[in-house]
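K.L.:
One structure, pasted below without further comment.
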């Protein structure tokens, strides 16, 4: 009996607590900002010292590792900057904690490449509403509670790839196999949609489409099956370079790598990246998907050192890479 | 004669002291890690950043989902079982919360109740498979993990379902967004409060109810418990229901905190929940352990993560440290005097 009462008391207390909680909350998620217009209050000019917090979604992809490297390299040229890096390892909840830790450490500017848009929106808004300038890279967050977004247009990149195939590789029409990124991810959808816009009205048609999940080995096995079912495929359009390399290997195993063409996206200026693959002739072309790392540090300089404003959105241009310019662009990126 | 009695009495007394030291092993561990965190805390203008009240509540918020799941896991482990499905059930519940409110236009209360029922039923089925049909809990819940992930993928169409708030169709009621908020002047995160309530209820329940005596009896010696009239099968099924229900609750909290239900949510969380239970001093053989210990274990993990995060330590190193702590905690168990 006494026990029952004890349990009942606890439950009542719990209910009361929950109710009192429900009444006392305030909304923090919206993007009412104190920053719009005028320079950031964090700006102390060239005499200040600033800590940049860089929250990366994951470092397992070469593209994101390169983004961190670009930020590190660009920040080394600015004596007022030190950069702290965090790696969320593809976990939204971890990335929220990473940003909270940055806030505790009182960073002066937040650069974030979100793992996913919606789950990161409220913690980004929290930083922004505390007066910390927020530079969002690659993937966006919802709403407008950030200082600037820098990234590339995946639809535009896909369209450029499609036009290249329609005008240069298959001017008289032909058959294309598509290796898609991870199903359900935004870039996979946009790169696929853009390509279809690019080939519209030409004689080029997509005869097969398979999910390679961004991975080289998955791309290889999918291409293998694709070539068996459709031996007349002339061009493989891959949503990233590693899958295009996988398709090249599959074609090589079937002895037809010479008669086929492969194009990818990303064009990372690293030894294992797409630029080298084009230079060495495995891929016919790749399209650069800029990491925006350098541009992010430039934006931070404008905000903190020049006390200037930056545009809300900066879309970076892509560049078509063929055997003609692959080596030059690689050397420029690593100079 | 009298000398030897005295001798055994002092020995027994000493053993009591040692035993109670071990009983509160996880609390001592938590205090020790807390002190380490204070000593090694990064500073900013002389302020210890770790002790910043915002930061301390961040710690509790960050472990609240793991903590809620670990409380349920404690019950299962106390009867000598294990539940590997809780992380996947969290994902299923997060997806369920999002889909029910955003796509099926359910209210908050209805969605929460349905999701909790799904969690409990999932636990019930696993409990039946394990306790009635005698399949090992490890295997049953390993299978359950796959099933829950599969269901979550099917229900969500394979991708995260974002939760937008408002009154219109395709929007969740604003009340649900409270789970991502803080109360008491924006200080105390709601998920931390929910964790606290779950923990207090479980502690009181485990201290006082007849059911809890059955739990400990089964974990101590299942045969003896059965022979002395403990409804073993029923108790085992119920603990799986508790674990499933609490995993679903953690999933609701997860969806509310991140404003999204994704079928990949909660990946690997079951291991953190088990770690919290083990660090908390509960024996994986069953029969020994407390929810207080589990709460201390979860907080200990949270403080560790926070300290390493504040120093910007590579997350891969954080995994190593976490592994070491688990081994040390489990090693200490072996030194524990058997009573």
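For all residues, glycine too, the Cβ spot is worked out from N, Cα and C.
Straight out of TrEMBL:
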type	residues	note
TRANSMEM	B:21-40	transmembrane segment
TRANSMEM	B:60-79	transmembrane segment
TRANSMEM	B:84-102	transmembrane segment
TRANSMEM	B:108-125	transmembrane segment
TRANSMEM	B:132-152	transmembrane segment
TRANSMEM	B:186-206	transmembrane segment
TRANSMEM	B:235-253	transmembrane segment
TRANSMEM	B:273-304	transmembrane segment
K.L.:
Are the transmembrane segment (B:108-125) and the transmembrane segment (B:235-253) close enough to be called in contact, which here means at least 3 C-beta pairs under 8 A that are separated by 6 or more residues?
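P.N.:
Yes, the transmembrane segment (B:108-125) contacts the transmembrane segment (B:235-253).
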K.L.:
Spell out yes or no: are there three or more C-beta pairs under 8 angstroms between the transmembrane segment (B:84-102) and the transmembrane segment (B:186-206), with each pair 6 or more apart in sequence?
P.N.:
no
K.L.:
Do the transmembrane segment (B:186-206) and the transmembrane segment (B:21-40) come together with 3 or more C-beta pairs under 8 Å, pairs six or more apart in sequence?
P.N.:
no
K.L.:
May I ask whether the transmembrane segment (B:21-40) has at least three C-beta pairs under 8 Å with the transmembrane segment (B:273-304), counting pairs 6 or more apart in sequence?
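P.N.:
They do touch: at least three Cβ pairs between the two stretches lie under 8 Å.
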K.L.:
I need to check the long-range neighbours of the transmembrane segment (B:21-40): which residues 6 or more away from its ends have a CB within less than 8 Å of a CB in the stretch?
P.N.:
48, 50-51, 279-281, 290, 292-294, 296-297, 299-300, 303-304, 306-307, 311, 329, 332, 335-337
